[in-house]
Amino acid sequence: MTQMILDQQRIRAANEIHPTPDVKFAYGTAGFRMQADKLDSIMFKVGIIAALRSLKLNGATIGVMITASHNPEEDNGVKLVDPRGEMLEQSWEGLSTELANARDADTILSVIDSIVAKYNINVDNKANVIYAYDTRPSCPALVASLKDGLDAAGADSTDFGLKTTPQLHYLVKCINTKGTNDAYGEPTEEGYYVKLSEAFKTLMKGKPAMPTISVDCANGVGAPKLKEFLKYIDSNVWSANIVNDDIKTPGKLNYNAGADYVKVQQKAPLGAVLNAGDRYCSFDGDADRLVYYYADDAGVFHLLDGDKIAGLAAMFIMDLVKTAGVDSINVGVVQTAYANGSSTKYLTGQLKVPVSFVSTGVKHLHHEAEKYDVGVYFEANGHGTVLFSPEALNTIKTSEGRTPAQNTALTQLQALTELINQTVGDALSDMLLVEVILTHRHWTCQEWDQAYTDLPNRLAKVVVADRTIFKTTDAERRLVEPQGLQQEIDTIVSKYSNGRSFVRASGTEDAVRVYAEAATRTETDSLALAVAQLVYDRGGGVGSAPSI
Ligand code: NG1
Ligand code: ZN
């Protein structure tokens with residue numbers, strides 16, 4: 001057994017109080033996520049993992065966020081944030097999973113030992129961890145369990161209280177860069193608002209204010225945080241009307257509201273009555289996803305999802321880079337298989353911007369986006385951001401324009417790098433970015449929507465006995481197992497004009513997702529249903545047969 005500062009007695013005691021249930025845990029697309037009442041044991045173990053990760057990185061501060069994002073209120077989840085504000089390094093996911101599934105104290109201690117040995121962890125270091133949580137009623141109890149793990153590991157920990165997920169990422173990066181050349185900002189919630197609002201004001205300078213936007217906060221943490229942000233902005237410059245801001249009434253979080261609801265249902269959330277010409281957007285429960293929408297003159301609902309935001313951002317930044325005379329800076333876009341086919345066509349055909357495809361989950365998108373000078377990445381569901389490479393940041397900072405127009409563009413680019421959260425997708429920051437672009441272009445949502453027309457699409461879920469039998473390749477666009485299923489999907493797809501459909505196991509829910517798009521709504525629904533039925537029949541469907 002290791003001699004480290006980890007207090008074995010406390011770990012044993014914590015394991016007594018927080019026994020591991022008979023559940024197969026896995027660190028998935030977004031950490032551990034499930035019904036909150038199954039998460040108690042996970043939390044103290046995550047406390048230990050966070051401490052070990054910090055020790056491994058010589059005491060750098062690690063973040064822990066407790067949230068289940070857009071999932072129902074009775075769910076919860078936990079994810080780890082690495083020192084630069086990024087998601088936990090992937091190689092640690094397996095070990096975290098192993099610890100999560102260890103049941104008795106001896107096994108837990110031996111997994112800890114093997115982590116210490118594998119990573120050659122210096123146990124004389126001091127671990128530093130910060131944590132925050134969303135508005136879910138299950139959070140306080142889970143926080144207490146997390147704290148037991150952190151204490152048992154001898155970590156210095158700070159409770160940052162109620163925060164949006166991107167605020168926690170911001171704080172982690174600020175703490176770890178404080179006092180360095182690339183200090184990211186003040187490590188406080190206020191510092192976050194100051195940074196964003198100052199950049200926003202610079203970008204809005206001299207521009208006529210647009211009509212008030214309505215923001216659906218899914219009755220989640222985004223509501224109080226957006227209210228706080230508004231205090232930093234003169235309402236003559238920009239104003240927002242917040243809907244779905246009830247974080248007190250049980251059962252309201254994400255209920256028929258929020259970015260996921262609007263995206264999947266393709267309709268307005270509860271509490272939003274759409275007036276033609278007005279702008280609307282929705283955050284999800286932890287405020288890291290954003291979608292826009294509007295009603296046309298005939299009252300028809302139109303969605304502007306993550307793909308539309310990516311297109312808008314790429315277009316604007318490419319123009320700005322050109323105007324500023326720093327076109328050595330290359331811009332690229334990263335998408336997943338869920339991106340609408342029309343968006344990819346628009347990006348490559350019209351904007352002529354390179355597009356790469358990666359597997360679902362922002363950790364994949366983020367790393368791919370780092371390969372560009374300016375990497376725009378968005379999942380269709382509205383989770384994404386724009387990354388500026390250190391070289392691009394330096395070019396923007398040090399270039400001197402030869403004309404006033406070039407100087408203005410450089411100032412604006414500089415402000416954009418501060419407005420956009422560089423650590424992770426951030427609904428508030430992304431919304432401000434969209435608002436800046438629409439203001440600069442004098443565009444309504446409808447004008448923004450003209451860029452291209454989405455192919456009708458449908459996302460369906462099929463519950464099967466064992467979703468792990470679904471194995472994919474080619475950025476999850478093709479199945480390799482169960483054998484022969486992909487060929488059958490191809491045969492079905494070939495019958496539809498502009499048809500595309502793919503199937504993959506969800507990393508956050510116990511289900512297989514089916515995506516379909518085609519030339520018309522009727523064809524799309526028929527394609528989605530046919531593929532869902534196939535998955536149900538050949539993949540061991542459970543419960544009632546799929547319906548669309
Ligand atoms: P899964 O459940 O693996 O499809 C979902 C989203 C991801 C990502 C994660 C994390 C879709 C189709 N999938 O993952 O994009 O956002 O949740 O929250 O939207
Ligand atoms: Zn979220």
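We number each residue from 1, going along the chain as drawn.
Glycine is treated like the rest: Cβ placed from N, Cα and C.
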One of S69, S497, S501 listed by TrEMBL as binding Mg(2+) at the site of D284, D286, D288: S69
Among D286, D288, E379, N381, the binding-site residues whose C-beta sits under 6 Å from ligand 1: E379, N381
C-alpha spacing of E379 (substrate binding site) relative to D286 (Mg(2+) binding site), in angstrom: 16
Nonlocal residues around D284 (Mg(2+) binding site), in sequence order (Cβ under 8 Å, 6 or more apart): S69, H70, A218, G220, G222, N254, G258, A259, D260, G382, A427
Residue, out of the binding-site residues S69, N381, whose Cβ gathers the largest set of other Cβ atoms within 10 Å: S69
Region pair the domain 'Alpha-D-phosphohexomutase alpha/beta/alpha' (104-178) / the domain 'Alpha-D-phosphohexomutase C-terminal' (479-533), three or more CB pairs under 8 Å: no
Binding-site residues: D286, D288, A505, G507 - member with fewest neighbouring CB atoms within 10 Å: G507
